[in-house]
Amino acid sequence: LNNSNYEEGDEYFDKNLALFEEEMDTRPKVSSLLNRMANYTNLTQGAKEHEEAENITEGKKKPTKTPQMGTFMGVYLPCLQNIFGVILFLRLTWVVGTAGVLQAFAIVLICCCCTMLTAISMSAIATNGVVPAGGSYFMISRALGPEFGGAVGLCFYLGTTFAAAMYILGAIEIFLVYIVPRAAIFRSDDALKESAAMLNNMRVYGTAFLVLMVLVVFIGVRYVNKFASLFLACVIVSILAIYAGAIKSSFAPPHFPVCMLGNRTLSSRHIDVCSKTKEINNMTVPSKLWGFFCNSSQFFNATCDEYFIHNNVTSIQGIPGLASGVITENLWSNYLPKGEIIEKPSAKSSDVLGSLNHEYVLVDITTSFTLLVGIFFPSVTGIMAGSNRSGDLKDAQKSIPIGTILAILTTSFVYLSNVVLFGACIEGVVLRDKFGDAVKGNLVVGTLSWPSPWVIVIGSFFSTCGAGLQSLTGAPRLLQAIAKDNIIPFLRVFGHSKANGEPTWALLLTAAIAELGILIASLDLVAPILSMFFLMCYLFVNLACALQTLLRTPNWRPRFRYYHWALSFMGMSICLALMFISSWYYAIVAMVIAGMIYKYIEYQGAEKEWGDGIRGLSLSAARFALLRLEEGPPHTKNWRPQLLVLLKLDEDLHVKHPRLLTFASQLKAGKGLTIVGSVIVGNFLENYGEALAAEQVRIRHLMEAEKVKGFCQLVVAAKLREGISHLIQSCGLGGMKHNTVVMGWPNGWRQSEDARAWKTFIGTVRVTTAAHLALLVAKNISFFPSNVEQFSEGNIDVWWIVHDGGMLMLLPFLLKQHKVWRKCSIRIFTVAQLEDNSIQMKKDLATFLYHLRIEAEVEVVEMVRKLSLRSNGPPSPISYPVFLELHLVWEIVIAVLGPPQAQLVKDRNSMLRLTSIGSDEDEETETYQEKVHMTWTKDKYMASRGQKAKSMEGFQDLLNMRPDHSNVRRMHTAVKLNEVIVNKSHEAKLVLLNMPGPPRNPEGDENYMEFLEVLTEGLERVLLVRGGGSEVITIYS
């Protein structure tokens, strides 16, 4: 397009885009959008952000640098450093010796497969869009939602924190056992108490190390990151030393003799020679070993241990070498209980028990396959190191998959090859000797290394210290990221940091939790704990990838193509299996912790919409369920009222009768579908904002207050009746549509000058009937109880006049499930005509209720064809012409005088309260001192006419009108039924009765309203029920 006509100073739109100029504020030009995207940079993380923050001087801010780290430096090496750790140097030889080469190989292979499958899933998630700084927590939370994200994020945080404790314990073990054994504070000569003393040493030194490391991290995280390369170099040099030593052992094995008594391994820490005797000045004298097993170290005739007497002391090579064939002995497992002596099965030994001596090398912990899995698994964790540095990467979507998978392949090869090399080069009793007692206290893996065992000892010490510092650096930042997301309210304080971004409070909490791990003091007990938390994290990474893949959400377009939902499910299954294999009780505890965090975030946390996979899963599940519901109408056994509650709003868009929602919540008890609908009269384009505000603010808040779980739908329509019709027709979706409409009685319809109110009501009744929906009309709704009120006694009376599907039976049963109505009793009344056998009807009704499993009191009321003129005594006969005249009087009163002021029929023993018909408002009432008859009588009419003679002039023509016979019959029925209902149910807490249908001829609508008024006179709470034409209750199971 030619842009030559562009005017200077026009900042809002390009003249060539004048067609869209009115939308430029909400819909920017493509060029400006692309410009913003091109200038986007990831938030830097780790050392970079803090170094820059500390280097900023006042008035001078360094420009943001584009991350430049590549795959090798940014992902591969950090993953190597985090994966290789303390377990490789301190426990892998022991795992191989205890489990045997075959089972150890299986343990390592399973753990490596778990992390590889997790890395594939993580790569898919990490390459599905730009990954801001935040790494694994960001990926999980945005893929699975705030609840899962918070739960798994905290599990990952706890795992990282306990990893710091494990690394510190490993460093202390190397320091006290292999570097400076004399530094131990607590000592014991008793072999049984020696382990307890060692644990106390670990606690003291571990706490000191932790304080020192926390100070280093607090002073400046930059130093931790600058020394990371040195620590990584130590790891690599140590591993290369192992390979060099293994190769050298094939032709020149190192000399590390192991002293054996029979087939039992002896500790060489305290013995001078591996022999019972020694030569001094050409004299044979007892050795130190003799003194350990005999009651005298000076005389050969001393009493000695029986096993010591019958077995010879021999020396075997601790490192036979790669070509020795020792691997055949090390193939099989050798699990032992705690306190057992480590033995060489192939060595000769006499079958004598002997006593337990502290010079033997003993098993310090009961071993099993599952225990070894839990101890080894932390050595393969650390695969998230690359994704945690995503903010520092030049191209995170390319670097994270390649670097992470290459690092896992490298470490897996190292672990698997080391398992074979250890089994092929080292004697089995030495492998099972956890602390190197048989080889003069040397680190077992160090005995194999070349050129010296100290290469491994020093290298592993520094690498372990470095790993601990890395954990203490990463864990607080992870907690800070969770706190800043504001999904867990009580963690908000940990989102605060120093001026340079250092998370001080989070660091203190991390140190406190790590101290708990250090107080456990045993590397073998801490390792399974962090295994649980890491496995939980990896499980949900796999779940996130599988869900996103199966749901095929439009935004799921990862650049990493080599993933599949089956691989993710396999990884998830392995994670779950490893959790229960390594420690089922730890697994349950970890799941309970995650579940509690999930529930806490669900109920108390801030609501976040992150476009997560769980929301997509909910949509897919809802779609599947709706399609299943479409397969056919619900069976009678599954029928429950799915409510459409029609609310009326006043001019200020407030709900007029909130008790209607209260009643709906009591009826539903939180189950099934509830749709709250209302109509705003007006034009949609003009009133859409009002409708949205009313829906979001007024109605939804009221629904929350009344604990109504459902949906809200407002319709803007030109006419109220049309809007209600639209709601009844269109609410719901598929099989989840309403089958019952709940509405209130039009209060004061007689006093209203506008007839539209009651005409709208009748129109709604007709629409509901045409749609074959059930209808519940609550009269005197303001008198209905709130959710905090509870009836301690009372009755729910059901007047079952005609059968319309069993709604009248089902509703009181559902109401009694709620605490408000729970203590009420159900009474069911039915009406018998003259030709009916009332005794048999009562028996049949009781049997019917018994089969329905509904407990209720049954009563049959006889309706005779005589109208009662007195409240007590036998009914008086009245002729049909008289009743016609009464009907005429009724019409005169309605047409001329307005609504009568005394129509409420009461029990003969109660005073009459006068209110305007159908009004729910509290109005002034007056009391007649005279007894009021149950119906209008001729005498009463004459008395009324005498009092109001002036008002009756000029209406003689009306007296000459012939009333409609059907209306007379209906009025007669309404009066008679009302007389009976009031007599029986005037004290009932709620009265349910059948609602007659509207007349086919609209001209009789007003009479229909009158009939309903007369039918329900004198009752405090009434629920008119009209069935939808289908059976809703059954006696069958």
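Cβ coordinates come from backbone N, Cα and C, glycine included.
It should be emphasised that the depicted structure is a prediction, and the values quoted were computed from it without experimental measurement.
Of all ranges given (505-523, 847-865), TrEMBL attaches the label transmembrane segment to 505-523.
In this chain, the transmembrane segment (104-131) does not touch the transmembrane segment (505-523); fewer than three CB pairs sit within less than 8 A of each other, excluding pairs fewer than 6 residues apart. Looking only at the domain 'SLC12A transporter C-terminal' (658-777), the predicted model's pLDDT averages out at 83. Note on the transmembrane segment (360-380): residues 83-88, 91-92, 95, 98-99, 103-104, 107-108, 110-112, 114-115, 163, 166, 191, 195, 261, 264-267, 333, 335-342, 408, 411-412, 415, 429, 432-435, 437-438, 523-524, 527-528, 530-531, 534-535, 578, 581-583, 586 of its chain, located 6 or more positions outside it, place their CB under 8 angstroms from a CB of the stretch.
Note: the stretches the transmembrane segment (400-426) and the transmembrane segment (227-246) are in contact (3+ CB pairs below 8 A, sequence gap of 6 or more). Residues of the same chain lying 6 or more positions beyond the ends of the transmembrane segment (202-221) and with a Cβ under 8 Å from any Cβ of it are 46-47, 50, 54, 164-165, 168-169, 171-173, 175-176, 183, 185-186, 465, 468-469, 472-473, 476, 502, 504, 507, 511, 514-515, 518-519, 521-522. Using a Cβ-Cβ cut-off under 8 Å and counting only residues 6 or more beyond its ends in the same chain, the transmembrane segment (104-131) has close neighbours at 40, 42, 95-96, 138-139, 143, 369, 372-373, 376-377, 379-381, 383-384, 387, 390, 396-398, 400-401, 404-405, 408-409, 411-412, 415-416, 419-420, 423, 535, 538, 541-542, 544-546, 548-549, 555-560, 562-563, 567-568, 570-571, 574-575, 578. For the domain 'SLC12A transporter C-terminal' (791-864), DSSP puts the residue distribution at 23 helix, 20 strand, 31 coil. The recorded stretches the transmembrane segment (151-181) and the transmembrane segment (73-92) share 3+ CB pairs below 8 A when only pairs 6 or more apart in sequence are counted, and are therefore in contact.
The transmembrane segment (529-550) is in contact with the transmembrane segment (562-579), judged by 3+ CB-CB distances under 8 Å for residue pairs 6 or more apart in sequence.
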